[in-house]
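Visitor: What TrEMBL records for this protein is below:
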COMPBIAS  1-15  compositional bias 'Pro residues'
DOMAIN    97-285  domain 'ABC transmembrane type-1'
REGION    1-21  region 'Disordered'
TRANSMEM  37-58  transmembrane segment
TRANSMEM  99-121  transmembrane segment
TRANSMEM  141-169  transmembrane segment
TRANSMEM  219-241  transmembrane segment
TRANSMEM  262-284  transmembrane segment
Amino acid sequence: MTAITPQPPTPPVVPPKASRRGQSQRMFWREFARHTAARWSLAIIALFVFAALAADVLPLQDPTAISSEAYTGPSGEHWFGTDHLGRDMFSRTVHGARVAIIVALGSAGLATAIGIVVGAIAGYTGGRLDDLLSRTADVFLLIPVFFLVVLIVALFGQGLFFVVLIIGLTTWPQSARLMRAEAMVLRERVFVVAARASGGRGMQVLFRHVIPNGLSPVITNATILMGQAILVEAGLSFLGLGDPQVMSWGRMIFDGRGYLDLSPWMSFFPGLAMFLLVLSLNLVGDGLTQAFNPKLRRRGRA
């Protein structure tokens, strides 16, 4: 009889890295799509972004044109009515979306970028540098953001760029604390330890391995920062500290405060637009939290 030589077991097939990444992305979007409110909110945000980008090419009335049709209520010609100077409120509200999007993206982007770098360095290095950066962040967190921004803008200027800059420079600690917590966990992971053991330098390991794997809570927090930035800018404009040259929803609400009995739509529609955008950003943040951590949804069902 011929002896049968046993064959060694076939090693498991490990999917390529690109395939695993694609699978993770599909799982992410599948989990996000299960959050119905987040899906609708994303569509609303996309509508606001489209309005901000296409406001100049859409067939809208001139938002700055003064006419004799002051205090006209909503109609087929003026969907949101007119203000005390006869300006079309629908056109002004659409153009106001541009200011809101600029403030949201600019401020939240700057705050998130600063927070990622500061938090990652603090959490990864530890020691005295961590203490210094953490205490600095705590000082900013102790001061109410809105009042700090009001003080700085009142002292140094009220241009839109300056407002975006100040909001971004005063709201980064939230992102820094989240990134620091992630970095403190990731620095002990096997792949990070292996990267250091193979000769990787501190900053190289930090930016190549730690930061990319710790972004999920920071990205979620960015949606909250966007909504916060929109509210802060609107508050500044309502107080007369915003840029008078731009069409801000806060400024429109401020202009309509004295005509609430006669023309409530002057404040209602800009306020409604701001409410919808901020609420949508927060709901998208909830959807991102669920997508990044599906266990939260399963735990909620249990």
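Yeah, the Cβs are placed from backbone N, Cα and C, and that goes for glycine too.
Are these features on the surface or tucked inside, and what touches them?
Guide: Packing against the transmembrane segment (37-58) from elsewhere in the chain are residues 94-95, 97-98, 100-102, 273, 276-277, 279-281, 283-284, 286-288, 290: each is 6 or more residues past its ends and has a CB under 8 Å from a CB in it.
Within the same chain, residues 48-49, 52, 129, 133, 137, 160, 163-165, 167-183, 206, 210-211, 214-215, 218-219, 221-223, 225-227, 229-230, 232-234, 246-249, 273-274, 277, 281 sit at least 6 positions outside the transmembrane segment (99-121) and bring their C-beta atoms closer than 8 Å to a C-beta of that stretch.
Proximity of distant same-chain residues to the transmembrane segment (219-241), defined by a Cβ-Cβ separation under 8 Å and at least 6 residues beyond the stretch ends, is recorded for 99-100, 103-109, 111-112, 145-146, 149-150, 153-154, 158, 163-164, 167-168, 171, 174-175, 178, 248-251, 253-254, 274, 277-279, 281-282, 284-285, 288-289, 292.
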Visitor: What residues in the same chain, six or more past the boundaries of the transmembrane segment (262-284), come closer than 8 Å to it by Cβ-Cβ distance?
Guide: 35, 37-38, 40-42, 44-45, 48, 71, 73-74, 80-81, 83-84, 89-90, 92-93, 96-97, 100, 104, 223-224, 226-227, 230-231, 234, 249-250, 252-253, 255-256
